[in-house]
């Protein structure tokens, strides 16, 4: 019996190739979208679960309490060893420092690399906490000695080819010779740390005394500290003890900082501490995948019900000859199963082919082999069963209950209110989902463009940011500026620690204003720059003056928000007042107040800011280039830079690109949302096409009579399309408030946000109206041009 079902099903599918193709395409696209989203969600949920006892691994983080709470994924350099020696809560404690933009030189192979990331200084216990084994499977990593390191297998091949790298050396930063003591397996893709070279932590002192030391006065943003706790430890109890540390080691800032424990499972997701992706984004995309599948199922149901009219005589004959409802139902379910399994195969192929594209956009490491993962195969199996029944059960029941008398007249079922309601609900649901997706995509794009293109309070266009290996002496820096300024392609240049706003730009420090008590300290952002900083970035001085050119940082500039924080009535009251930062590391008198500028992204308010000429921290040049001579200007910068640092590799970025990176997660999500919105509309259009086929059959006699009575083609087109237009408007009424609630909730993440304009909803509805009209027009015009005699021949 079952074999016969499939045999007849295959014959019917071949007979109606056009309908079969439309059904397979619609479902295949739905399967492809849901499969990609499943792999995307699973990839992120699997992060860092391969370590031993991941539930007991924690990262130490800092909460800095100012006007707002700043969340910093780091602690002072002295914290880790203090926690290890003073407390017995953990089996192992270790810290690492990620070192960026460093040159690696291997004399043996004459290879010189500028690694923007991947160099990590690590304490030995780091490899006891985390499961990053050597090639032989052991975790016995030997980096106890100064100037020793282990490298990953892929880096070993990159530097030394197929030869054994153990006991060989490389030069780091044209400064230290490092000996390789072992080779690590490459880290899994789903790991918070993607390091290539792990160097003994004691070596770091030769590059940065602060980061490699035991200081408490500031936090190094590239430093991370971890612990694997003893079993059964109470995290809240440990955090209560950690609250006592600021009073002991940072007494002037004891009320500003709190040290916390962050579980390893939160490191990847917690946006407060620079997590890679918000877990809510995963659930939103999972919901989108489900909605697209629902659209695909509705599409299949609509086309199946329309297609059934061509099978009415077949159904009538089978019923007259004794065919039971159950037989007809399972016959249709077999046809549905064949279509679903074909669509599933095509969808998985589309998913596999699309993986490189999604890997590029989202920096994933998914491979075609991911499709053979057991969890993915289970997901596919569940989809096969569920979608077969969801898509086939309604048309199957509908087909099985046809009255033979109506069947021979090519009438599927009586036009009852319940049947009309079912179709309208299905189509309206498609339109509602499409409107929500389109409105969301437009609104998110509007907010991102608003954030990127708004006036940030400083110049950002045509500014080139150049990292320098080490700060120059003031006299030497002055000569460099003079030489560069003579070039037609260069307008201005300043040395600084960082631009006014960009990713990884935070340097929090406690402020003591006018020698006030410690309970009146507050947190501010520290900007380090020379005398040309204001002019290069176009910062406006509201009161006072710029600081003078000198080596000491005894003259300070502050912003308008800093003045508001102090509570002065006039900006002039600040001038000449003493101020100190970070336990007196920087201190002087305020000589000027600049206008506010956005130092962070639009998620956060403008901070109190001070600018100090601390020349020992000038690790970047900001060069304003002439838009008409950008290439020649950059060539001149590289020429000058190469003379100063001949053994380093020149690298630069544009400031506006750095600012765009601050919204990278939103931009990536938007790209995916745009794609899925387009696919949802396309799949829905297939469903509309199927339904217009149904209506064309159902209204055959009506169209014939209207033509005999003189109705025009336009009139018939309106008759065929008006119901769909009503459904779109109904969907707009239902979907717009839902979309508004979602977008408004998402915008609450931004302290500076655009408005959700009414035209966004009107535009989304207009898009659906136009696409629907185009979809309907072909079949409607075909019906309108049909000879009335053919329409009325059954009468």
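Glycine too: its Cβ is placed from the backbone N, Cα and C atoms.
When the ranges 229-252, 253-276, 421-444 are checked against TrEMBL, the one recorded as transmembrane segment is 421-444. The range from 652-674, 675-697 that TrEMBL describes as transmembrane segment is residues 675-697. Mean predicted confidence for the domain 'MacB-like periplasmic core' (20-244): the pLDDT average there is 88.
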